[in-house]
Amino acid sequence: LAWSPGAASQPPPGLGVKLGSLVLLLLLPLACGLAPLWCFRQPPGTGNGGLGDPRSPVLSLVSCFSGGVFMGTFLLDLLPDYLGSIAAALEGLRVTLQFPLPEFILAMGFFLVLVLEQVTLAQRELAEPPEESRALLPNGSSSIQAAAPGVAPGVPAGSAVPGAPGALRAGALALALALHAVLEGLALGLREGDAAALRVLLALLLHKGAVAFGLSLELLRSRLRPPAVASCLVLLALMSPLGVGVGTALAAGAGPRQRLCRAVLEGLAAGTFLFVTFLEILPQELGVPRNRIPKVILILAGFALVSAILFVKG
């Protein structure tokens, strides 16, 4: 037997982009998340309108552009590819459906993230005092704050040192975002071809950078110590590359059952994009009565960018 170079197996399509994405998806969220730790020696205040405020106009406009990119990626790229993949996989298995299974899988990806987020929010609300109690005790709480040394004005005295409820809420929030990041990474790992992988990578980089920045600010407001905040950010940064690796390994499967498994995961990942676009980014940004026209323009710009990439590469 003689070995010939031509007989060597070719690397999977899009492998170079996916390998590069492992580094980018690890470093960019870490850099964006650690930026508030470098900028704020004290926990950031609320409502100042600066760049460190999640309601900053700059961050809001960037988020709108990210929402447009997500919408274009979902409607023009992920959804058609997913429907084609699962149709081909079912045809290869000679399965005839009497039930809208592709749409059901897409909805399950949507509901998976929805349930995860709502359970996390419910856990946080259980650990916080009711709104009526906070409204009835403004003077008493301020007197307690004045008596407690080292507590900033307007911050409850009990939050100066993070306790078990605060740590639990922070851990639940970081875990929810981490699981979400795995599903988003799957969407990239399951792509075939450099152009398709680049489109998903662009959307993920924009979104994960904003998410890491916002998570860091939220944890700092919870009075968590910087090492705990950094640990949560490292966990979040590792999850997207993990999803990319799992998706790339599954994409290499060539059998009909492997293709069906890959198509199901594509549907779940597409459902997460549906949730992020239409329930996480756009409602939050468009619900704020400020800069409405620039927001719409940037949403259209993000959508147009994905459309142009698809038109040129297609």
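The backbone N, Cα and C atoms fix where each Cβ goes, glycine too.
The annotation transmembrane segment is assigned in TrEMBL to 19-38 (among others).
With a cut-off of 8 Å between Cβ atoms, the residues of this chain six or more beyond the transmembrane segment (58-79) that come close are 51, 106, 187, 196, 199-200, 202-203, 206-207, 210, 213-214, 266, 269-270, 273-274, 276-278, 281-282, 284-285, 288, 290-291, 294-296, 298-307, 310. Sequence annotations record features per position, and here TrEMBL assigns transmembrane segment to 58-79 (among others).
Marked as transmembrane segment by TrEMBL: 99-116 (among others). Proximity of distant same-chain residues to the transmembrane segment (99-116), defined by a Cβ-Cβ separation under 8 Å and at least 6 residues beyond the stretch ends, is recorded for 79, 82-83, 86-87, 90, 176, 179-180, 183, 264, 267-272, 274-276, 279.
Marked as transmembrane segment by TrEMBL: 196-216 (among others). Panel annotation: around the transmembrane segment (196-216), residues 14, 17-18, 21, 24-25, 28-37, 54, 59, 62-63, 65-66, 69-70, 73, 77-78, 81, 173-174, 177, 181, 184-185, 187-188, 229, 232-233, 236-237, 240, 273, 276, 281, 305-306, 309-310 of the same chain, lying at least six beyond its termini, place a Cβ under 8 Å from a Cβ of the stretch.
Per TrEMBL, transmembrane segment is recorded for 228-251 (among others).
Long-range neighbours of the transmembrane segment (263-281) within the same chain, counting only residues 6 or more positions beyond its ends whose Cβ lies under 8 Å from a Cβ of the stretch, are 63-64, 66-67, 70-71, 73-74, 78-79, 81-82, 85-86, 88-89, 102, 105-114, 180, 183-184, 186-187, 190, 203, 207, 247, 250. Positions annotated as transmembrane segment by TrEMBL: 263-281 (among others).
The transmembrane segment annotation in TrEMBL covers 293-312 (among others). Note on the transmembrane segment (293-312): residues 60-61, 64-73, 76-77, 195, 198-199, 202-203, 282, 285-286 of its chain, located 6 or more positions outside it, place their CB under 8 angstroms from a CB of the stretch.
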